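Chemist: Would you mind keeping the following structure in view while I ask a few things?
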Amino acid sequence: MNKTFQTIWNEPLGAWVAASELTSARGKPSKSKSTVVAAAAREASSGRMGEGDGRSIGALTHATMALILVAGGLAGSNVVHADYARGGGRAEGGSIAIGSSLADAFTGTGPLAGNGGVAIGASAGTIRTAAQGSNSVAIGNGANASGAATVAFGQASAASGAFTTAIGSGAQATANNSTSIGSTTSKNPADVTRASGDGSVAIGANEVRGAQSLAANSVAIGAESKVSAAAPSGVAIGQNANATGGAGAMAFGQNSFASGFNATAIGVGTRADGGGATAFGNGANAVFGDDMAFGTNALASGDSVGLKSATAFGNRAQAKGVVTAAFGDSAQAISYGAIAIGGGAKSDTGPDGKNGIAIGTIASVTGDRGVAIGAAAKAAGDRSTALGWTSNAAGSGSTAIGANASGGAAALGANSVALGGQSSVAATATSGIAVGRGAVVNSIFGLAIGDGASASGSGSGIIAIGNGAKASVGTSTAIGVNANAANTDATALGNGALASGKQDTAIGVTARATGGSSSAFGNAANATGGNSLALGVGNVASNFAAVAVGNLSKASGLRSVALGDQANASNTSAIAFGTNANATQSGAIAVGQGAQGAGVNAVALGAGALVLTDNSVALGSGSTTFATSPTGKGFMTGAAAPASEVSVGASGAAPTRRITNLADGAAQQDAVTVAQLSTSNTSLSTSITSLSTLTSSGLSTATSSINSLSTSTSSGLSTATSSIGSLSTSTSSGLSTAASSIGSLSTSTSSGLSTATSGIASLSTSTSSGLSTATSSIGSLSTSTSSV
């Protein structure tokens, strides 16, 4: 059997035709044009186109392919088509129809009938292979190409629009310029590969369903992919990819889904459900309009109303809420306005909270409007702020700032602030503030500023400022490096200052107030007694109510006072005023530089004044008292002399002093002035006319040994003879010495008259100065108006 053919020029027809290889051409081959359609048809009708007869067309030979090419592609205004029908087919208008005897294959009929159509294949039942459109091609059992220049290739394929192509079993291209490629074994007509929108493309099929592109200018590629009629210009690429709900929707990836205007889903199992929504990454899901989810299993779920979108960027990132954003693997922004940036970061303020911001790996915000920035930072309180690695702001309105390797700042109390690595404010410490590495606040309204500073304990308003500063009891205050206020209302101000008793105050470097209600002011000042005061550098007030003021001063006695540099009051109620002043006995007072009060109740007033005896007084610079026991009796009165004395100078050495501006004495214990003594001497001079008579003074007669006693108005007594050498008196000085037998006559401004013995019974004169005694052997009589 002849299995080959050749193309020859048919002169009568004026066209190229297919003929046996044994047939020779007639005429000039180079000048003739013909078709091979008729010859090919004859070959086919004679059974030489293949191994079998016209009923078997499963294997297309080169001749069959030539028929398709010639019929569909070589037609022209000067080309003659040879109609050909075989096996019950019907061909009209230069077309070719090949079908089995049991089928009805036709072409060129109907409202779209045209020339050059090709229909090849048996039909079954009421389904017919048909190429009705001009230059259309239908190949396959039940294939139907009904539009101009359409191609239907495959069993039950259909190409019904102009310039459409349907390739594959059951494939359908039903709109202009549409293309459908793919075969499916499903028996459900709705599952065939279908391109039903103008300019649409549907490619792919499996046993479940073919690709379906139902909207204009849409593309569906992949088995079970679909672009719905509601998504013009939509794209669905990938098995079971689906684009629907609005123009421009695009789904790329197996099981991807894009629903809405310009929605985009890219990745296996991705889903973009709203207009403008974008999902990128396997399993990514953008739930509402303008939501964006990027990353494997990322989820963005904003608001269905629109313009309140969510953005999730990162594997397993979740942005679930209005205007939320989550960036980073497993980042979560859950509530309204939440932002989470960083791997595992989470901002979830609950249904009533909003605007939380968490930035950093596993940073967390659970409080309304909270802010956590830093790895593992936590803002759990409403309006709280945590800044720094592992920082923790747990109280409402709290702030925690700081981080280090051991732990971050923690502000647990409401409205609290913790700034610095390991700084913390306890949950009970409302409005507490801790600033510095390791700073701690445990009290309400407490304040701790400095590395290791601590404001703790019961009470409120505790303040500790300075590295290592500690204030541990209610309302106490410690300011300075290592300052310590350890009791209620205690205040320690200065590096190393210590106030350990209730209401103690220590101000100065290493100042110490420990007695309770005590105060120490000055570097190294020390007030250890209750209610004591130490003011100055290095001074000490070590007893109850003691006061030490001045550098290195000391008040160690009960209620003692030391005022001045190195002043010392070391006994009960002792007072020392002045540099190096020293009051060492109970009640002693030393006033002046170097003054010494060394007796009980002694008073030393003046620089260098010294009192050694009890109840004595030294007045003036260098004044001293030394008497420690009585030194005789009172002159003329015989009263016992007391040990206590008042000194206005030093014995036997300068200075000696006058006591000036005194009032005249009135009482017996009053001092007598010079004016009073002068008045007394004048009275005495006028009353004595003779020592032999006793007018007013009580002079007795001098016998046997007194020759004469001469008196003088102006001078006193005259010379006594026989046994009295002379007696000299003076108006201003009193009585003078008497020679020969008068030893001495002594008168005193303050003591009165003395006695005369051995012949003189008594000589008593008393105005203010008096007379001294005369004896039978008087050596001298000396009187002095002012001092003798």
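Glycine residues also receive a Cβ, built from the backbone N, Cα and C atoms like all the rest.
Feature list, courtesy of TrEMBL:
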type	residues	note
COMPBIAS	174-188	compositional bias 'Polar residues'
DOMAIN	1-42	domain 'ESPR'
DOMAIN	131-155	domain 'Trimeric autotransporter adhesin YadA-like head'
DOMAIN	159-183	domain 'Trimeric autotransporter adhesin YadA-like head'
DOMAIN	194-206	domain 'Trimeric autotransporter adhesin YadA-like head'
DOMAIN	233-256	domain 'Trimeric autotransporter adhesin YadA-like head'
DOMAIN	258-284	domain 'Trimeric autotransporter adhesin YadA-like head'
DOMAIN	353-376	domain 'Trimeric autotransporter adhesin YadA-like head'
DOMAIN	379-405	domain 'Trimeric autotransporter adhesin YadA-like head'
DOMAIN	476-497	domain 'Trimeric autotransporter adhesin YadA-like head'
DOMAIN	541-567	domain 'Trimeric autotransporter adhesin YadA-like head'
DOMAIN	569-595	domain 'Trimeric autotransporter adhesin YadA-like head'
DOMAIN	599-623	domain 'Trimeric autotransporter adhesin YadA-like head'
REGION	174-193	region 'Disordered'
REGION	765-788	region 'Disordered'
Chemist: Mean pLDDT for the domain 'Trimeric autotransporter adhesin YadA-like head' (541-567), as a whole number?
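Modeler: The answer is 97, the mean pLDDT of the model over that range.
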Chemist: Short question: which residues 6 or more past the ends of the domain 'Trimeric autotransporter adhesin YadA-like head' (194-206) have a Cβ under 8 Å from it?
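Modeler: For the domain 'Trimeric autotransporter adhesin YadA-like head' (194-206), the nonlocal Cβ contacts are 161, 164, 166, 168, 171-184, 212-225, 227, 229, 232, 239.
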Chemist: Short question: which residues 6 or more past the ends of the domain 'Trimeric autotransporter adhesin YadA-like head' (258-284) have a Cβ under 8 Å from it?
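Modeler: Same-chain residues near the domain 'Trimeric autotransporter adhesin YadA-like head' (258-284) but 6 or more away: 234, 236, 238, 242-252, 290-300, 304, 306, 312, 315.
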Chemist: Same chain, outside the domain 'Trimeric autotransporter adhesin YadA-like head' (541-567) by at least 6, Cβ under 8 Å from its Cβ: which residues?
Modeler: 515, 518, 520, 522, 526-535, 573-583, 586, 593
